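As given in TrEMBL:
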type     : residues : note
TRANSMEM : 7-23     : transmembrane segment
TRANSMEM : 55-77    : transmembrane segment
TRANSMEM : 89-109   : transmembrane segment
TRANSMEM : 129-148  : transmembrane segment
TRANSMEM : 160-186  : transmembrane segment
TRANSMEM : 192-214  : transmembrane segment
Amino acid sequence: MTARVDLKWCSLIHMAIFAWYIFTLKSNCSLEISARHPGARQYGGRWKYLTFINLVMQTVFFGFCFLTEAMYLLLSSKVPTLMLKIRDAVFTTLVFPVGTFVAMSFWSIYAYDRELVYPKFLDEIIPNWLNHALHTVILPLLLVQHYLQHHQYPSRARGILVLALFASLYLSWVLWVHYASGIWVYPIMAKLSPVGLMLFFAASALAMAPLYLLGEKLSHACWGTPGSEKKKK
């Protein structure tokens, strides 16, 4: 495992991040749902929100990182190559680009008009620290992970294809939620015309690719090696 710090320190950092996400996930799931914002009580529950899906993804990923290092330290044996490949594949194609998208898209729309993504009455339901835990802290933690360990990137074609598949599945899920229940996951969607909605979905999906490339560039900047040993397509 290629890491910038001693493996013991690396495992402690991952354990701390994993504990933070477990605490954040528990706090999010423990929120009292008011009549004005039923949230989890509506069709699809919390799983219709990309923020929640990302929270679960980040929690599982950092837990997996801690597990791989704990196995190495406790068993004094080499970590299975398959585990390292899974760690790298999940981080490069999903964890970094999706987490970065959640942070950037949320605060971009929030700065334009918060009512389109996070109505003011939510301040009375969701504590300010939890809002930042869900939409802000994820970004610096992803940068820490980039600095901490080197991740082998797949070919660009394969990496972007996996990310595009994830985006397509989520957008299909959003459309199904609307079809089955008549509700839109985010307020901004209810204010758009059919054409505007298609453009919004397309822009959101296309925004994922540059974030994948950003992760690749950060890997190169941190480690001085190409993001992939394979020929980029």
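The backbone N, Cα and C atoms fix where each Cβ goes, glycine too.
Unlike curated entries, TrEMBL annotations are predicted automatically.
Only sequence-distant pairs (6 or more apart) were considered; of these, at least three Cβ pairs between the transmembrane segment (89-109) and the transmembrane segment (160-186) are under 8 A, so the stretches are in contact.
Sequence-distant residue pairs (6 or more apart) of the transmembrane segment (129-148) and the transmembrane segment (7-23) include at least 3 whose Cβ atoms are under 8 Å, placing the two stretches in contact.
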